[in-house]
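*Asks:* Dropping a structure here in structure tokens format, bear with me for questions.
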Amino acid sequence: MEGGPEAASKQEFTEFWKRATSSPYIMRLALSAGIGGLLFGYDTGVISGALLYIREDFVEVDKKLWLQEVIVSMAVAGAIIGAALGGWMNDRLGRKTSILGADIVFFLGAIVMAIAPAPWVLVVGRILVGFGVGIASMTSPLYISEASPAAIRGALVCINGLLIIFGQFLSYLINLAFTKTPGTWRWMLGVAGLPAVVQFILMLTLPESPRWLYNQGKENESRKILEKIYKADEIEREIKVMREAVEQEKQVEGLIGQTLGEKIKAAFSNVAIRRGLYAGVTAQVAQQFVGINTIMYYSPTIVQFAGIASKSTALALSLITSGLNAVGSILSMLCIDKYGRRKLMLLSLIAIIICLLTLTGVFYQAATTAPPIDNVDTLSFGANATCQAYLDAPNVSSWNCMKCLKAECAFCANTRGNHLPGACLAETKEVRVVCGEQKRVWFSDGCPSKIGVLAVIVLGLYILAYSPRMGSVPWVLNSEIYPLRFRGICGGIAAVSNWCANLIVSLTFLSLIHALGAPGTFLLFAGFSTIGLVFIYLLVPETKGLQFEEVEKLLQKGFNPCGCTNPKTDEEKASTSK
């Protein structure tokens, strides 16, 4: 952080591992609650592969681009509702109860998707799953954060992010495992219910958040939990901090009120909380508008846009990008409590912008070098098999594969090589079979390209730029930047903003590709990322190593991006170092 806390020492870097090994109970709490992140990640990743096979089973889905977007994005719509209610549930019912409720809804949604006889039933299942994911997405990091010592809080919350990535990686493995199994996508989507059952059982054996219990007047229960988490010499200090926070809350309780509307009004009328929301919401929206979930939801489709037609190959390459995501998440655990939140996000956005601009160039080159259409070869399939737009075109000599695909037709590659002139045909199952019988490759989402592998490499670099920083840090930031009395409601507002941004991106991606092409779409995301970089620089302070109450003091004082300071006094720093 510019002008902020002193550089992290080697002791800070290794503190996480020491505390985790000396107190396995901490890791048990973090891993059990973090399964909510796994559900989040699995749902994000599984639909990308399942969609390829859903299109084969339901003709209307294959023919209607908007229906594909609805199936993908309705889980996000459900998550918006879940995140909105999740804030209220966390404050009223507690963190543990909210996680248990999310598991039940997620399990029901997975069953509905697996047995869906029609696209609309599938959409209902996606909404239910999304509802559970929305609750879990803001509750799991909150639960972990409130049950974590400040020195390793960032790393522990990153476990939730790591399990999101593991869930995505697991979903690609499951997708590959069921590609040859009858029912393909039904198994892919139905298996999602198993982690929800596992988390439900584990959470029944775990306690409520100690900070939430203390806030509810259950001091003895809270102390017993803290004794399992903190060192003996840290417990009284933590109790004192929580007592002061509760007393402060009681002083303003009459002003805050108890209804949801009154709490939201009180949050925005408090300058420190308002600044926290500016920072938290900015980080969450920027996380989505860099375009990450277009990669997660549509990665096999993007790989096909790059000219790789095989579904199994596209899924396998998507597995590689998901693996890189997991590597990046592990790096985040190692770095976040050493280098801080703000600096990691800024560096991440710079690298993301570079990758998106490179992808723009790669896809532009792929589009301009697409193989031309061979008129004789095309007409040899017969008038009924030929693309109608091609037959009606006045100047077919200018047509290439990309123009054929934009006319909603398909490219049947040359038998002597995919990059040679081929046929522009109607995109139907019958014609696809005829093309395959001639040992030719069928391209319906992207054209053959010699640089398709380069696009996959840059996608991998993009994941590495995103995952260790923008992938995890916004959730960590939002789990620690709000005062206890507003943590549930403000966390819900931030989570809703994340899911709303996610919905906009996922619901429009295929339409953007159709309207702007892949180069224009990735250039647009590069522009959004640049805007996000500017706003994060201006609005997001550093919270590394600070107690929740110290974060509130920092926000109350105000944040200067060119010279922010840590609210700890010299005496406090000296005491902490001891």
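Numbers here mean position along the shown chain, with the first residue as 1.
Cβ from N, Cα, C; glycine included.
Automated prediction, rather than curation, is the source of TrEMBL annotations.
Per TrEMBL, domain 'Major facilitator superfamily (MFS) profile' is recorded for 29-544. Summarising the annotation, TrEMBL assigns transmembrane segment to 29-54, 66-88, 100-121, 127-144, 156-178, 184-206, 277-299, 314-334, 346-367, 451-468, 489-516, 522-540.
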*Asks:* Among the recorded stretches 100-121, 127-144, 156-178, 346-367, which has the greatest number of Cβ pairs closer than 8 Å to the transmembrane segment (489-516)?
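*Replies:* Ranking 100-121, 127-144, 156-178, 346-367 by Cβ pairs under 8 Å to the transmembrane segment (489-516) puts 127-144 first.
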*Asks:* Which listed range (127-144, 184-206, 346-367, 451-468, 522-540) shows the maximal number of Cβ pairs under 8 Å with respect to the transmembrane segment (156-178)?
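*Replies:* By the under-8 Å Cβ criterion, the transmembrane segment (156-178) pairs most with 184-206.
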*Asks:* Please work out whether the transmembrane segment (100-121) lies in contact with the transmembrane segment (346-367), by counting C-beta pairs under 8 angstroms that are 6 or more apart in sequence and asking whether there are at least 3.
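*Replies:* These two stretches do not touch.
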*Asks:* What same-chain residues lie close to the transmembrane segment (346-367): Cβ under 8 Å, and 6 or more beyond its ends?
*Replies:* 286, 290-291, 305-307, 402, 446-447, 449, 451-452, 454-455, 458-459, 461-462, 465-466, 468-470, 473, 517-520, 522-523, 525-526, 529-530, 532-533, 536-537
*Asks:* Quick check for me: are there 3+ Cβ pairs below 8 Å between the transmembrane segment (29-54) and the transmembrane segment (184-206), leaving out pairs under 6 residues apart?
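*Replies:* Answer yes: the transmembrane segment (29-54) meets the transmembrane segment (184-206) with 3 or more Cβ pairs below 8 Å.
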*Asks:* Other than its close neighbours in sequence, what residues sit by the transmembrane segment (184-206), given a CB gap under 8 Å and a spacing of at least six beyond its ends?
*Replies:* 28-29, 32-33, 35-36, 38-39, 42-43, 46-47, 49-51, 53-54, 57, 96, 99-100, 102-104, 106-107, 110-111, 113-116, 125, 129, 132, 167, 171, 174-175, 178
*Asks:* Taking residues 6+ outside the transmembrane segment (127-144), which of them lie with a CB under 8 Å of any CB in it?
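*Replies:* Counting only partners 6 or more residues beyond its ends, the transmembrane segment (127-144) has Cβ contacts under 8 Å with 29-30, 33-37, 39-40, 43, 74-87, 89-90, 95-96, 98-99, 101-110, 112-113, 156-157, 159-160, 192, 196, 209, 475-476, 478-479, 487-488, 491-492, 494-495, 498-499.
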*Asks:* Across the domain 'Major facilitator superfamily (MFS) profile' (29-544), what is the average pLDDT of the model, as a whole number?
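*Replies:* Mean pLDDT for the domain 'Major facilitator superfamily (MFS) profile' (29-544): 82.
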